[in-house]
Amino acid sequence: MPELFAYTDGACSGNPGPGGWGALLIARDGDTVVKERALKGGEAETTNNRMELLAAIHALEALERPARLTVVTDSAYVKGGVTGWIHGWKRNGWKTSTKKPVKNEDLWRRLDAAQARHEVQWEWVKGHAGHPENERADALAREGMAPFKPGKSKAGR
């Protein structure tokens, strides 16, 4: 049975500013890539953390059936949030340990729902360190951001 991986990344030009997200879904049988799907998108005004979250969300939501997969991210924010902090946030009514509202609550809720139907293992990799699939996810995120960068006409979107 093929192993499924989702490599995700977000990018932002300014923080906040125009941003993009990218996700690369790969099914592997050993070292052989059986199937691959690239996803990308962007927004005119966003933050890097929102784009990182959306990359993971879109990767999980793109899967038509429940699956066992590894999501690989270079975002300590996403990995730390989804594997640890989120449990406390939910217990505390979406408040942090200091009783402040959780930033990006809308996306954390969506990510929580998206991962609930799958068996997900989360893995962190160092960004911009030559990891081929992470570099490809980064390129997709930058492509997703491109139509929203200053100087691009709205007709080109």
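Glycine is no exception: its Cβ is also placed from the backbone N, Cα and C atoms.
Database features (Swiss-Prot):
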- ASP9, ASP138: Mg(2+) 2 binding site (BINDING)
- ASP9, GLU52, ASP74: Mg(2+) 1 binding site (BINDING)
- 1-146: domain 'RNase H type-1' (DOMAIN)
Check your understanding: If you average pLDDT over the domain 'RNase H type-1' (1-146), what do you get?
Key -> 97
Check your understanding: If one measures from the C-alpha of ASP138 (Mg(2+) 2 binding site) to the C-alpha of ASP74 (Mg(2+) 1 binding site), what distance in angstrom results, rounded to a whole number?
Key -> 10
Check your understanding: At the Cα level, what's the spacing in Å between GLU52 (Mg(2+) 1 binding site) and ASP9 (Mg(2+) 2 binding site), rounded?
Key -> 5
Revision key, fill the gap. Across the domain 'RNase H type-1' (1-146), DSSP labelling yields 57 helix, 52 strand, 37 coil
Check your understanding: Looking only at ASP9, ASP138, which of these binding-site residues has the biggest number of Cβ atoms within 10 Å around its Cβ?
Key -> ASP9
